[in-house]
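According to Swiss-Prot, the protein carries these features:
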| type | residues | note |
| --- | --- | --- |
| BINDING | HIS83, HIS182 | heme b b562 binding site |
| BINDING | HIS97, HIS196 | heme b b566 binding site |
| BINDING | HIS201 | ubiquinone binding site |
| TRANSMEM | 33-53 | transmembrane segment |
| TRANSMEM | 77-98 | transmembrane segment |
| TRANSMEM | 113-133 | transmembrane segment |
| TRANSMEM | 178-198 | transmembrane segment |
| TRANSMEM | 226-246 | transmembrane segment |
| TRANSMEM | 288-308 | transmembrane segment |
| TRANSMEM | 320-340 | transmembrane segment |
| TRANSMEM | 347-367 | transmembrane segment |
Amino acid sequence: MTIMRKTHPLMKMVNHAFIDLPAPSNISGWWNFGSLLGLCLIIQILTGLFLSMHYTPDTLTAFSSVAHICRDVNHGWLIRYMHANGASLFFICLYLHIGRGIYYGSYMYKETWNIGIVLLFLVMATAFMGYVLPWGQMSFWGATVITNLLSAIPYIGSDLVEWIWGGFSVDKATLNRFFAFHFILPFIIAAMAMVHLLFLHETGSNNPLGIPSDSDKIPFHPYYSYKDLLGGAALLAFFFTIVLFFPDALGDPDNYTPANPLNTPPHIKPEWYFLFAYAILRSIPNKLGGVIALVLSILVLALFPLXHTSNQRSLTFRPISQTMFWILVSDLFILTWIGGQPVEPPFIIIGQIASILYFSIILILFPIAGMIENKMLKW
């Protein structure tokens, strides 16, 4: 008898991706984050769908509609806090997933890596537009400041900003279009994630040793399907601890004040997951330069495959590059801290040093460390 999962056109696709997929026998918990990101995306799409049933994208009623969701809708407070903290969880998983890719040299799968970078940009755009929707003070001023950065683009800048705003300031038209984009983008992200997976399955997964694992493969199910279930359970436990006990820990208190164009908050800052990029933006005392640095802070990831000089793929047996990696991680924590501080000494100079270090490690120190390690292996 033929097994249905191996013959049915739809089941065959699922089978090749999640059941009979040959996987390396030694991939660690760091390889769980792909499935955890899928879980985060599902949580965000479902909670977002239910929120959109009660939300109104209008400047006069947006803030009240969010209050109505929290007060009057059955379990509305839960759905709202799941969605808000789900975004933070999404970025925690994203950054760990990218960190894993850098540490173990997964960026050598260029197509998978580049689609991952596109996915990161899409998720960042979605999160930014979602932050505008509750129409609190930080929503309004965050939208004003970040969209205004586009005016730094020579010649077309000011026209572009007015085109995005749909007027001469962030107003009803802006809120409306941001809601439309915020709704559609997660589905585009889901489609791109499938392409990401398609390219990954062309090459197969990398592993902690960074060596070919063709000689030692195991089926994805039951080994990694159960491992993913365990990872998902741990993620949900952590997620609901935050949602139910500390729902506002990661948010900004200013967003509980309705948007007021006549009153600027003392410190305009984005959500915590954008602070590192915001710090890099602010550390350059020139508008266009800052915008370029902001974009490059993410786009620099695309240079990882080009700047790989080592004869080994992963950092497992490369102590100098490992040191560089952990300095980079520490540097990102410093940038995140600086992004949340006011623009005054000593924070300005700390941010500038951390920004220079960020680009130096990736573009200069990593390649040099790789070459030194190659030499050391020959001694």
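Each Cβ is built from the backbone N, Cα and C atoms, and glycine gets one as well.
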Rounded Cα separation (Å) that holds between HIS83 (heme b b562 binding site) and the residue listed as 'ubiquinone binding site':
31
May I ask for the distance between HIS97 (heme b b566 binding site) and HIS201 (ubiquinone binding site), taken between their Cα atoms and rounded to an integer number of Å?
17
Outside the transmembrane segment (320-340), six or more residues from its ends: residues with CB under 8 Å to it
99, 102-103, 269-270, 272, 274-280, 282-283, 310, 347, 350-351, 354-355, 357-358, 361-362, 365-366, 369-370, 372-373
When you measure from the Cβ of HIS201 (ubiquinone binding site), how many other Cβ atoms are you left with inside 10 Å?
14
How about the transmembrane segment (288-308) with the transmembrane segment (347-367) - do they touch, taking at least 3 C-beta pairs under 8 Å (6 or more apart in sequence) as contact?
yes
For HIS201 (ubiquinone binding site), name the DSSP secondary structure in the helix/strand/coil scheme.
helix
With every protein chain in view, how many other Cβ atoms are within 10 Å of the Cβ of HIS196 (heme b b566 binding site)?
21
For the transmembrane segment (347-367), the distant same-chain contacts (Cβ-Cβ under 8 Å, at least six residues beyond its ends) come to 279-280, 282-284, 293, 296-297, 300, 303-304, 307-309, 321, 324, 327-328, 331-332, 334-335, 338-339, 341
Cβ contacts under 8 Å made by the transmembrane segment (77-98) with residues that lie 6+ beyond its boundaries
30, 33-34, 36-37, 40-41, 43-44, 47-48, 50-51, 66, 69-71, 116, 120, 123, 127, 130, 235, 238-239, 242-243, 247, 250-251, 271-273, 301
For HIS182 (heme b b562 binding site) and HIS196 (heme b b566 binding site), the CA-to-CA distance in whole Å is 21
What is the number of other Cβ atoms found within 10 Å of the Cβ of HIS97 (heme b b566 binding site)?
20
